[in-house]
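*Asks:* Annotation comment: Swiss-Prot describes 143-200 as ATP binding site, evidence class sequence analysis. Residues or ranges marked as domain 'ATP-grasp' in Swiss-Prot: 114-305.
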Amino acid sequence: MAPRKTVGILGGGQLGRMLTHPAALLGIPLLILDSGSFTPAKQTLLPPPSHSHPDGPFTSEPHIRKLASACDILTVEIEHVNADVLEAVEKEGLCEVQPSPKTIRLIQNKYDQKKYLAEKGVAVAPFEELPANPTEEDFKAIAGRLGLPLMLKAKTLAYDGRGNSPLKSTSSEDIQASLKFLGDRPLYAEGWAPFVKEVAVMVVRNKEGEVQSYDAVETIHRESILRVCLAPLRGERGVNQRARELAEKAVGHLEGAGIFGVEMFLMPDGELLLNEIAPRPHNSGHHTIEACLTSQFENHLRAILSLPLGSTALRVPSAAMVNILGASSTMDAIDKMADNALTVPGAAVHLYGKAESRKARKMGHITVTAESDAELNERLRTLLFAQPDAHADWIDLIAPPSPAPAHSHPKPLVGIIMGSDSDLPVMHPATKILEKFGVPYELTITSAHRTPERMVKYAKTAAGRGLRAIIAGAGGAAHLPGMVASETSLPVIGVPVKASVLDGVDSLYSIVQMPRGIPCATVGINNSTNAALLAIRILGTSVPALNKATEEYSKALEEEVLAKVDILEEEGWDKYIERLKK
C-alpha cells in the first residue's frame, strides 16, 4: 500500500480529536494547527516522524502557510478560518484544500449561504438582508414583509444560538435588546419557522461530486444548545428520505470534498426547510461512531483523500447522542455523568480532554444504541436524569416514561388495532402475551369502513414511528387487516373475529384471501394469542433476546404437556377426566 497523504487540520478541538481515531486506524498522518500543545486533538495522535503539531492560531496566515508546506491536504474542523489564505495556498500550489475555500467562505456568511441555496432552488424560510446600522423604521418595514415574530441573525461568527435573536415586536425595547445581544455585526432577518422538529442530515461528498447521506436525525435543543440527537428520524412515511434528498441536493451545489452537516426544520404541514450547513463534522453526527457502519469522521477522511466512501447505513435500529455540558468550573458533574453512563448497556462515553470546564461548554458526549426505540427510551432516561440540570418535564417529552398497565407504550414495536370496541375481548389475550415477553405495544380502534382516513394514516405512519408488526382484528367483512397491509410495508397479522353469524368463517375467508402482492398473515378465529406469538417471532429475527424467549416459551409448553402425560399414566384416564370436570 502506498503511503497515505499527510492531512493538516485547522483547529484542534473535539472534532479534530474524533478525526484522529479513524486516521490512526487507516494510517493517515495528521498535523494539527491550534494554539497550545495539549489541545483535545493533539492529545490523541502523535505527529508524523520528524514533525510536530504546529502551535499557533488556526486563523494566522504564517501558521497556515507553515502547516500547508508540511501537508498534502488541508481541511478544517471549524469554519471560522481564514478562507482568503486557504484560497491563496491552494492557488500557489502549496497544498490541496478540502472542502473548497470558496465553499468555506460561502458558508461563513450565513446570509450569502442562504441566498445561494435559495437561488439553487433549495427550500428555505423567507429572509431579507438588513442595511448597515439599521434603524427602527428598517425593522418595522421588514417585519411588515416577513411578519412577527421573526428571527434576527448575524451573518458571521454565529453558532450554538449565539448569533440568533428572536424579535417579537418592533418596540424600541425589543429592537435594542436584540441589537445589544447580536453586537456590532451585519444582520439579516428570517421569517419565523414554527417547526415541529429540528432535523439534521450528515452528507459526505467526494471530489467527483458523489454524495451519500446518513439517516436523518431529530435534534433537540435547550437554550439554543444541542442536547440530544435521536436516530433515525421518526415521523410520517417518507420524511427521513425527503430530508436526505434535501440535504443531498444542497450539498450537491457546493464545491469540494468532505462531510457536511445540514440542519433543517420540519414544518407542521410536513414541509422541510433548510436552515444552514456546516462544512465539517457536526455535533448531530457524533452518533455515527457507534451507530453507523462508517462514522462521519472516517468518511470525511475518505472523501478528502479520494478513498472509497464507506457505508452510511445504521448498524442498529435505534440510537441517540447526549451532549455532556459543563455545569460549573469543576469537573465533578462531568465525571458523574460519565460514570453513570458506564452502567447503561449500549452506552459509549467520549470525553474531549478539555482542561477547563465552564457552564454550557461541550465537554464530551455519550452515544447509546439499542434494539428498539423502547429500549433506547429507557437507557436515555437514565442518562438524562444524571445531568446536573435535569428537568423531569423536559426529559418526559424526549423520552416518555413507561405507561401505566393496560395503556399504550409511547415507543411501541407492535400495534394492535381492531375495527370496533366489541373486538377487544378477542384481542385482549394478545396484550397479555406481549406483556409476558416484555414487548412494548400500542392498542387502538380504527375501522376500515367507519374511519377509513384514520386507518390509512395509521398504516402509512406505522413504520416511520418505529413499529415493526401490526396485529389487526376484524369480524364480518373483515377488511381491516387487508386494507392496512395494502398501505404499509410492515408485516400485518390478521385475527378473524367471530361475529354473531357464520361463526367467524366469513372473517377468516376475507382476511386469508388477499390478492397476490398484498400478503397478510392470518391466524385462527379469535386466536389473538397466536397473532402475538407470531409477531414476537417476527421481531425475534432481529432481536436475539426475543428469539431466546420464544424458545423458552415453547420449552415451557412442552414441559406442561409432558407433566400431563405423567399424571395421566399415574392416575389413569378415568380419574384424569373426573379432575378435568372439576
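Any Cβ shown, glycine's included, is placed from N, Cα and C.
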*Asks:* Quick check: in three-state DSSP terms, what is GLY191 (ATP binding site)?
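*Replies:* Where GLY191 (ATP binding site) sits, the three-state DSSP reduction gives strand.
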*Asks:* Using Cβ atoms only, which residues of the same chain lie under 8 Å from GLY183 (ATP binding site) while being at least 6 residues apart in sequence?
*Replies:* ALA154
*Asks:* So if I draw a 10 Å sphere around the Cβ of ILE175 (ATP binding site), how many other Cβ atoms end up inside it?
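*Replies:* Counting Cβ neighbours of ILE175 (ATP binding site) within 10 Å gives 20.
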*Asks:* Around VAL199 (ATP binding site), how many other CB atoms lie within 10 A of its CB?
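*Replies:* For VAL199 (ATP binding site), the count of other Cβ atoms within 10 Å is 28.
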*Asks:* Between 0 and 100, where does the mean pLDDT of the domain 'ATP-grasp' (114-305) sit?
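*Replies:* Mean model confidence (pLDDT) across the domain 'ATP-grasp' (114-305) is 95.
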*Asks:* Which of ALA143, MET151, LEU167 (the binding-site residues) has the most other Cβ atoms within 10 Å?
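*Replies:* Most Cβ neighbours within 10 Å: LEU167.
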*Asks:* Across all the protein chains here, work out how many other Cβ atoms are within 10 Å of the Cβ of GLY191 (ATP binding site).
*Replies:* 18
*Asks:* So, in DSSP terms, is ALA143 (ATP binding site) helix, strand, or coil?
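*Replies:* Helix, per DSSP.
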